[in-house]
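Trainee: Sharing a structure, written as C-alpha cells. Questions coming.
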C-alpha cells in the first residue's frame, strides 16, 4: 500500500515540474481585428488577428512594432498612447505596455493648483 502512495506522489511531482515553465492560454484571442480594434480583454490587434498583449511584447524586436509597446514613460508620451509604461512580470519580455494612468494625472493637476503656502507643513512640537 505504501508503494501505491509513493508512486502517486512521484507522478504528482513529475506533472507539477513539467508544467511549471509553460504559459497558460492560447496566444490568439479567437477573433480577427475589426478596423484595428479587438474587443476581447487583454488583447490587441496584431494584423490580421487579435493576440494576447504579452505575446505581442515577447515577439517584438523594437518598440515601433506596436503602438502600445514602450521602454520608458517618455515612449508613451511621444506616441500619445498613455503616460505610464508598465513592465510585464515575465523578465524575458524587455518591453512594457503603455497605459493612461488617470490617477497620476489628477494628482499632478491637484498639486499644480495648490498654493505655495499649502506645501509648507507647520512644525509642531509635542512634548
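All positions are counted from 1 along the displayed chain.
Cβ atoms are placed via backbone N, Cα and C, with glycine included.
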Trainee: Which residue from 51, 112 is recorded in Swiss-Prot as methionine sulfoxide?
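Mentor: Swiss-Prot annotates methionine sulfoxide at 51; the rest carry no such entry.
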Trainee: Under a criterion of Cβ-Cβ distance under 8 Å and sequence separation of at least 6, what residues of the same chain contact residue 29 (disulfide bond)?
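Mentor: The answer is 38, 40, 42, 43, 49, 50, 51, 52.
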